[in-house]
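These come from TrEMBL:
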ACT_SITE  Tyr51  active site, proton donor
BINDING   His109  substrate binding site
DOMAIN    23-260  domain 'NADP-dependent oxidoreductase'
SITE      Lys76  site 'Lowers pKa of active site Tyr'
Amino acid sequence: MGDTPVITLNNGVTIPQIGFGVFQIPEAQTAAAVTTALEAGYRSIDTAAIYHNESGVGEALKSAGVPRDDLFITTKVWNTDQGYDETLRAFDASTARLGVDRLDLYLIHWPTPKRGKYLDTWRALEKLLADGRVRAIGVSNFLPEHLRAVADLGGTVPAVNQIEVHPALQQRDAQAANAELGVITEAWSPLAQAGVLGDPAVLAIATDHDRTPAQVVLRWHVQQGRIVIPKSVTPSRIAENLRIFDFELSADELAAIDALESDGRTGPHPDHFN
Ligand SMILES: NC(=O)c1ccc[n+]([C@@H]2O[C@H](COP(=O)([O-])OP(=O)(O)OC[C@H]3O[C@@H](n4cnc5c(N)ncnc54)[C@H](OP(=O)(O)O)[C@@H]3O)[C@@H](O)[C@H]2O)c1
């Protein structure tokens with residue numbers, strides 16, 4: 001998996017600590033962006049059925065010529081496909097669009113508690129895992145009560161909970177619940193969609209280290225053990241975001257970024273999103 005550090009999931013599978021996110025990249029631009037990311041050295045790609053760009057990811061994977069075993073591909077089952085049979089069908093459709101016969105990580109995109117289907121959906125993910133169609137299964141946007149309900153089934157504990165985490169929204173309770181259950185926290189919108197990059201505290205730390213604000217924020221994440229999946233369509237930023245494993249923030253610098261918590265959620269609240 002190249003020079004990127006890996007994190008070992010609760011079933012022994014390893015995942016690169018940084019991946020390339022493709023949310024909001026239009027289908028027509030996705031293959032080029034993913035190709036740039038693979039050339040820069042990313043080996044983990046995070047997409048979702050609802051991003052409508054899995055085919056573009058697949059196109060880039062096919063032309064890149066990187067051995068399949070060196071890649072880590074994540075996609076997610078969308079809310080309207082929740083349910084046991086529906087999820088199995090959604091998995092087949094996603095893998096077909098991606099052009100792969102197995103996935104590395106499949107996630108339930110949102111708990112959508114009002115639909116009341118995430119436990120049945122989880123059982124379908126367990127079936128895909130048992131059948132060898134996916135190497136690890138997990139969830140996204142699960143609050144501690146949703147995660148505990150899955151763990152209480154007594155089967156597979158999710159390997160990952162992909163949640164919104166950045167300096168302005170740190171979700172410490174959710175991170176603690178993940179850690180307690182042995183679930184790795186993967187931070188989505190790790191840069192708060194660039195919203196925290198102009199913060200004076202981040203800028204000062206970046207100047208002191210001769211780094212960019214994005215590198216400082218990503219370093220703050222990885223130094224605390226989280227997986228990050230920043231998105232960019234800009235080649236220089238795609239490369240820049242990967243160069244975060246050759247410097248270190250001090251305890252005081254980590255604390256200065258921790259202090260930026262402001263309940264700054266950019267996405268919907270998991271209890272209300274359907
Ligand atoms: N599970 C979920 O519900 C969920 C929800 C949201 C996102 N995600 C995942 O998380 C990934 C990342 O989240 P995100 O795309 O919302 O936000 P993000 O990665 O926090 O931020 C992306 C934005 O930051 C800019 N940017 C990236 N690197 C930069 C740099 N070095 N300097 C300055 N600006 C930079 C990008 O601009 P340019 O592209 O113009 O360069 C883009 O506008 C997504 O792609 C997706 O895979 C998951």
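Going from the start of the chain as shown, residues are counted 1 onward.
Each Cβ is built from the backbone N, Cα and C atoms, and glycine gets one as well.
Just so you know, TrEMBL annotations are computer predictions that nobody has curated.
Regional average pLDDT for the domain 'NADP-dependent oxidoreductase' (23-260) in the model is 98. Rounded to a whole value, the Cα-Cα separation of Tyr51 (active site, proton donor) and the residue listed as 'substrate binding site' is 11 Å. Taking the recorded positions Lys76, His109 in turn and counting surrounding C-beta atoms within 10 angstroms, the largest count is reached at Lys76.
There are 22 other Cβ atoms within 10 Å of the Cβ belonging to the residue listed as 'active site, proton donor'. In the three-state DSSP classification, the residue listed as 'active site, proton donor' falls within a helix. The two recorded residues, the residue listed as 'substrate binding site' and Lys76 (site 'Lowers pKa of active site Tyr'), have Cα atoms 5 Å apart.
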